[in-house]
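Undergrad: Before I ask anything, here is the structure I am working with.
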Amino acid sequence: MKKFSVVIAGGGSTFTPGIVMMMLDHLDRFPLRKLKLYDNDGDRQSVLGEALEILLKEQAPEVEFSYTTDPKEGFEDIDFCMAHIRVGKYEMREQDEKVPLKHGVIGQETCGPGGIAYGMRSITGMLEIIDYMEQYSPDAWMLNYSNPASIVAEACRILRPDSKVLNICDMPVGTLRRMSQIIEKTPAELEVRYFGLNHFGWWTSVKDREGNEYIDQIRAYVAENGYLTQVEVDTQHTDPSWQETHKKAKDLLAVNPRYLPNTYLKYYLYPDYEFEKATPDFTRANEVMAGREKKVFSAARAIIEKGTAVDSGFEIDAHASFIVDLARAIAFNTHERMLMIVENNGAIANFPDDAMVEVPCLVGTDGPEPLAQGKIPEFEQALMYQQLTVEKLVVQAYIEKSYQKLWQALTLSKTVPSAKVAKDLLDDLIEVNKDYWPELS
Ligand code: NAD
Ligand code: G6P
Ligand code: MN
């Protein structure tokens with residue numbers, strides 16, 4: 001089998017060790033000849049880099065491993081770039097979550113004003129790594145899960161239309177695992193129909209390969225318990241705040257019992273509830289810093305100190321194996337069916353062609369082929385159209401450096417109550433993001 005060279009962009013991410021371990025676990029399906037980490041924060045990345053160097057020497061010495069902050073070293077001779085960068089890191093995620101709360105609006109990293117602020121930062125970083133990839137490895141593909149994926153995808157559509165960037169999210173993957181547990185199946189046994197925008201969509205069908213439909217059974221369960229399952233299935237999304245989120249799907253289903261909701265809809269349908277239960281001094285960014293970040297970086301330091309990764313605290317991120325499935329789909333033309341963020345072009349019949357939507361696709365050597373999802377009902381369509389326009393306005397604001405358009409984007413967001421609040425928020429967001437955003441006028 002062909003062996004691949006992969007660079008992980010955002011090598012210093014808390015997800016890097018889990019994803020590297022996952023890839024080592026899948027070497028028989030996706031063999032590696034080279035694995036590189038690339039980050040623009042050398043100090044942060046080197047902790048994980050040094051630890052993973054030790055781990056790879058012990059567990060996969062045949063894979064050539066390196067880590068770098070030099071774009072040429074990072075991006076030359078690669079087949080895939082797996083991208084999970086966070087422009088501004090947790091310091092700025094904290095701002096994304098906390099600034100809106102000061103204005104009575106939900107504080108979330110990818111939804112509402114937080115997502116808009118993060119989007120305005122991410123576009124620059126994403127364009128930078130796409131350009132490095134195209135300069136040094138023009139045939140490579142980027143598998144991107146850097147957030148906010150909707151805004152990033154729309155920016156790529158307009159600014160890098162010919163680039164080989166595939167945008168994917170793990171929330172539907174994680175929720176399908178929960179659904180499969182509810183009906184005592186495995187995700188691999190199931191095929192879904194789904195439509196929406198990223199972090200904003202619905203399942204319309206969950207069938208097994210024989211064609212038996214399980215959506216009613218799952219719906220009955222979710223109406224009682226949300227997506228909270230008896231036995232923990234996920235390797236991610238398990239912190240207490242995530243358990244709350246899975247449970248809240250019950251209330252999402254109540255307002256729209258037709259389809260099974262993506263958990264992120266709670267920020268749009270119950271923003272008052274989310275705001276009331278928010279803890280402005282300790283948001284999700286703080287929970288992650290005190291939890292996942294601390295755990296991963298302490299484990300890395302321990303490996304370096306001991307000089308061995310035997311009995312290390314690094315854990316395989318089994319949940320992330322969809323990334324290998326996606327790479328394999330491209331490399332081996334597997335036509336795996338996956339939910340991807342793609343240009344609509346009729347996949348949702350009554351939705352704009354130029355919308356970046358999340359729908360099932362067959363993925364092969366030429367990329368994703370979206371599967372037609374037909375017409376969607378007006379409730380979902382109206383919600384999606386509003387959110388789509390927010391995302392489009394953000395990208396236009398970025399390109400045109402337009403204060404007006406970003407104000408409109410914030411005003412239109414379902415999470416923001418008025419143009420006045422939107423303006424106050426915008427002025428604060430500009431101030432805290434001044435090192436990252438283009439200057440608006
Ligand atoms: P993190 O802050 O731990 O890691 C991000 C890394 O990116 C940092 O080391 C940072 O230095 C680096 N970085 C920032 N700008 C860069 C640039 N221009 N070039 C190279 N590196 C850069 O964050 P995390 O919590 O581990 O998350 C990483 C990313 O993955 C985030 O964007 C997050 O939203 C995303 N994510 C997405 C999904 C999904 O479903 N799509 C799932 C999980 C995480
Ligand atoms: C889900 C979403 C991702 C998001 C992540 C946040 O997986 O699909 O897009 O980045 O949650 O998780 P965290 O643990 O960092 O709050
Ligand atoms: Mn996501």
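Count begins at 1; order follows the chain as displayed.
Cβ from N, Cα, C; glycine included.
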Undergrad: For the substrate site that TrEMBL gives with ASN147, ARG284, which of ARG93, ARG193, ARG328, ARG337 also belongs there?
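TA: My reading of TrEMBL gives ARG93 as the candidate in that site.
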Undergrad: Counting distance between Cα atoms, which of the recorded positions GLU109, ASP170, TYR264 is nearest HIS199 (Mn(2+) binding site)?
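TA: Smallest Cα separation from HIS199 (Mn(2+) binding site) among GLU109, ASP170, TYR264: TYR264.
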Undergrad: Output: those recorded positions from CYS169, ASP170, TYR264 whose CB lies less than 6 Å from an atom of ligand 1, in sequence order; none if no residue fits.
TA: CYS169, ASP170
Undergrad: Determine, from DSSP, whether TYR264 (active site, proton acceptor) sits in helix, strand or coil.
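TA: Assignment for TYR264 (active site, proton acceptor) reads helix.
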Undergrad: Of all the recorded positions here, GLU109, ASP170, which one's CB has the most other CB atoms within 10 A?
TA: GLU109
Undergrad: Hey, does DSSP put CYS169 (Mn(2+) binding site) in a helix, a strand, or just coil?
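TA: For CYS169 (Mn(2+) binding site) - judged by DSSP and reduced to three states - the answer is coil.
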